[in-house]
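> Here it is, the structure, as structure tokens.
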Amino acid sequence: MPLEESPLLRERCLEDERLYERFSSRSRLSLVFLMSWCDTLRLFESGTFVPSIPAIAKDLNTTGATIGIAAGLTVLADSLGSIVASTYATFYGRRPVYLYTLPLMVIGSIGISTAKSVPELLFWKVIQALGSSCVRVLGTAAIGDIYPLNNRGEAMGLFLGISYIGAIFASPLGGIGVHYVSWRVTQFVVGLLGLAAFLAMLCYFPETIHSRELDKYILNGGLIPSWRPILINPLRPLRLLRDPNILAACAAGSTFLLTNYVMTIPLAYTLGPRYKISSEFFIGICISLTSLGNMTSSLWMGHLADRVVTRWRAKRMGSWYPEDRLRACLLAFPYLPLSVLLAGITTTYISGVLGLAINLACLFGNGIALILSMNPIYTYQVDVLPDLRAETMAAYIGFRSIVISLGISAIIPMVNAYGVLFAYILTAIFTSMGFGIIMLTVHYGKETRGWTNTGQVREPEENIDTLTAL
């Protein structure tokens, strides 16, 4: 048996099934729906903002590129918030972090609706992003808390699929709000929905974490301050990026997600002038096609990824190899880079109804291929470090957010300076490189896992002996 195909770790060494018996199947589904609602608001928040960029720029007497900076700052704030939230979620648990961060989203949304200047808008946009940043990290971590390995991918797909329902309706509703009422009213409504989500989590969400660091801290004689939380290094999750496998998954996932932002952020400045689209509502419809593709793919991709893991475990006589889940990512190649490349060629050379139809098909196809590639990465981050699920996801989101924020800030100026085709070709190249990174991780992940001591699952001693015998 080749070295890279050898058993890594048997399930009995990984997870105690009793930890997952605390919640019934019905309770698990209820929690997934509740967490998905919160994540829906995060997507709704950003989805209603993008179609509003031209109207906001006009209202605040500035340019679309300047307002586009707000989108870049949002991604950076999302990164910072995710990292801090995950650190405290590992220490205090999932529930307290939900309850302390969701009010920030409410305050930020109301602040945006009253902003009178660009600096004020940017400030409140950052506050809003900080408040909503925790929901994806905590949601994926909690799914790892309540679902065992063989059902985790399917649960993750359900979580993401429900979340993208909000994204589907966000852009059209945002466009309607801008066209018929005001972008300010739309943001105020987002704040009200955030308040409802906070109250739901307060009343119905239990603690899901298996073991809090706070309990260990108290057992070791640690003192609890009476007037403030225990201060923890908020950048602690970033240490996980020392692990080459986690870093590789983060880098690849960043290039995959970049395709979505490159295709949607400048829509008002690419499809709009090219196909004479001036309606914010129709721009919102175009953006929602990617979310529709996301939701369609999410509903079955998780189950498919679980089947890939199960099949490869069977080949190894029951042993589990974490990087097997990443094999499911490769199903999206070459569709993801081709969706961007075809959209760039079409926008540049094909006019009229045919060109618009091809672009819309590319947006929908990009949404499907994006989740095909992203869902296994999400679940892999949860699988590979069972005790640090939230921090692993935060390290991933933090790294990804830095890459995406740079891309968002550059995309509209790049389109204006070099054209749509150049920007899209460059994006397709980066995305193809991301798939190459995944291939290398799948084939050499066993060897590179031992390079650092981040707490990843390791090959047990008895399996090493078996390997030597082979």
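Cβ coordinates come from backbone N, Cα and C, glycine included.
Annotations in TrEMBL come from automatic prediction, not curation.
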> Quick one: sort out which of 206-230, 281-305 is the transmembrane segment according to TrEMBL.
281-305
> Between the transmembrane segment (326-346) and the transmembrane segment (246-269), are there three or more CB pairs that fall under 8 A, provided the residues in each pair are separated by 6 or more in sequence?
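Yes, these stretches are in contact.
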> Can you work out the mean pLDDT of the predicted model over the domain 'Major facilitator superfamily (MFS) profile' (31-446)?
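When the pLDDT values over the domain 'Major facilitator superfamily (MFS) profile' (31-446) are averaged, the result is 88.
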> Given the cut-off of 8 Å on Cβ pairs that are 6 or more apart in sequence, determine whether the transmembrane segment (281-305) and the transmembrane segment (352-372) share at least 3 such pairs.
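Output yes: the transmembrane segment (281-305) sits against the transmembrane segment (352-372).
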> State the non-local partners of the transmembrane segment (393-415) in its own chain: residues 6+ outside its ends, Cβ under 8 Å from one of its Cβ atoms.
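64-65, 68-69, 71-73, 75-76, 78-80, 82-83, 85-87, 133, 136-137, 140-141, 237-238, 240-241, 246-247, 249-251, 253-255, 257-258, 261-262, 265-266, 269-270, 377-378, 381-382, 422-423.
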> Determine which recorded stretch among 121-143, 155-173, 326-346, 352-372 has the most C-beta pairs below 8 angstroms with the transmembrane segment (421-442).
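Ranking 121-143, 155-173, 326-346, 352-372 by Cβ pairs under 8 Å to the transmembrane segment (421-442) puts 326-346 first.
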> Does the structure show the transmembrane segment (155-173) and the transmembrane segment (326-346) touching, where I'm treating 3 or more Cβ pairs under 8 angstroms (sequence separation 6 or more) as a contact?
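Between the transmembrane segment (155-173) and the transmembrane segment (326-346), contact is absent.
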